[in-house]
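Database features, via Swiss-Prot:
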SIGNAL    1-16  signal peptide
DISULFID  Cys42-Cys131  disulfide bond
DISULFID  Cys44-Cys60  disulfide bond
DISULFID  Cys59-Cys111  disulfide bond
DISULFID  Cys65-Cys138  disulfide bond
DISULFID  Cys66-Cys104  disulfide bond
DISULFID  Cys91-Cys102  disulfide bond
REGION    121-133  region 'Important for membrane-damaging activities in eukaryotes and bacteria'
SITE      Lys121  site 'Important residue of the cationic membrane-docking site (MDoS)'
SITE      Lys124  site 'Important residue of the cationic membrane-docking site (MDoS)'
SITE      Leu127  site 'Hydrophobic membrane-disruption site (MDiS)'
SITE      Lys128  site 'Cationic membrane-docking site (MDoS)'
SITE      Phe130  site 'Hydrophobic membrane-disruption site (MDiS)'
SITE      Lys133  site 'Cationic membrane-docking site (MDoS)'
Amino acid sequence: MRTLWLMAVLLVGVEGGVIELTKMIVQEMGKNALTSYSLYGCNCGPGGRRKPMDATDSCCYVHKCCYKKLTDCDPIKDRYSYSWVNKAIVCGEKNPHLKELCECDKAVAICFRENMDTYDKKKKINLKLFCKKTSEKC
């Protein structure tokens, strides 16, 4: 159980309603979010923003920027509700701050699907030793 929780925490940027984000990625991609994206490239998983290696990695970069813009919510602890309607993610929160969090997670799940042709299994477990800092602002 402890190992499962650790893997969940490593998921895309460490933050977010991990359960919700994991489900969104499975629904959009049909892939195991933990094994496919938690350490992908230079931006997925723990750590700061780095120069993206490809479009899939850019999804994680943008996701971290999205979290950075959130106000009045804690992406690590706060949970939100959403539904899967006609193969689409629908954020269902009345709380505008939790809806923003849901929209950040929805965007990264859709970004992964739209850029699945750039996914490179060789980048699936990247220790980030050779990742370059970026001067790009969110």
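Including glycine, each Cβ sits where the backbone N, Cα and C put it.
Known features from Swiss-Prot, placed on the structure.
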{"residue": "Cys44", "record": "disulfide bond", "DSSP (3 states)": "coil"}
{"residue": "Cys60", "record": "disulfide bond", "DSSP (3 states)": "helix"}
{"residue": "Cys65", "record": "disulfide bond", "DSSP (3 states)": "helix"}
{"residue": "Cys91", "record": "disulfide bond", "DSSP (3 states)": "strand"}
{"residue": "Cys102", "record": "disulfide bond", "DSSP (3 states)": "helix"}
{"residue": "Cys111", "record": "disulfide bond", "DSSP (3 states)": "helix"}
{"residue": "Lys121", "record": "site 'Important residue of the cationic membrane-docking site (MDoS)'", "DSSP (3 states)": "helix"}
{"residue": "Lys133", "record": "site 'Cationic membrane-docking site (MDoS)'", "DSSP (3 states)": "strand"}
{"residue": "Cys138", "record": "disulfide bond", "DSSP (3 states)": "coil"}
Of the recorded positions listed as Cys91, Cys104, Lys124, the one whose CA lies nearest the CA of Cys60 (disulfide bond): Cys104
All-chain count of other Cβ atoms within 10 Å of Cys111 (disulfide bond): 19
Integer Cα-Cα distance in angstrom, Lys124 (site 'Important residue of the cationic membrane-docking site (MDoS)') to Cys111 (disulfide bond): 16
Neighbour tally for Lys128 (site 'Cationic membrane-docking site (MDoS)'), based on other Cβ positions within 10 Å of its Cβ: 15
Distance from Cys42 (disulfide bond) back to Leu127 (site 'Hydrophobic membrane-disruption site (MDiS)'), taken between C-alpha atoms, in Å: 8
Among Cys44, Cys65, Cys66, which are disulfide-bonded residues, the residue with the most C-beta atoms within 10 angstroms of its C-beta: Cys44
Candidates Cys59, Phe130, Cys131, Cys138 (recorded positions) - the one closest to Cys102 (disulfide bond) by CA: Cys59
Distance, Cys66 (disulfide bond) to Cys91 (disulfide bond) (CA atoms, angstrom): 16
Residue from Cys44, Cys65, Cys104, Lys121 whose C-alpha is spatially nearest that of Phe130 (site 'Hydrophobic membrane-disruption site (MDiS)'), among the recorded positions: Cys44
Cys44 (disulfide bond) versus Cys138 (disulfide bond) - Cα distance in angstrom: 16
The one of Cys59, Leu127 whose CB sees the fewest other CB atoms within 10 Å, among these recorded positions: Leu127
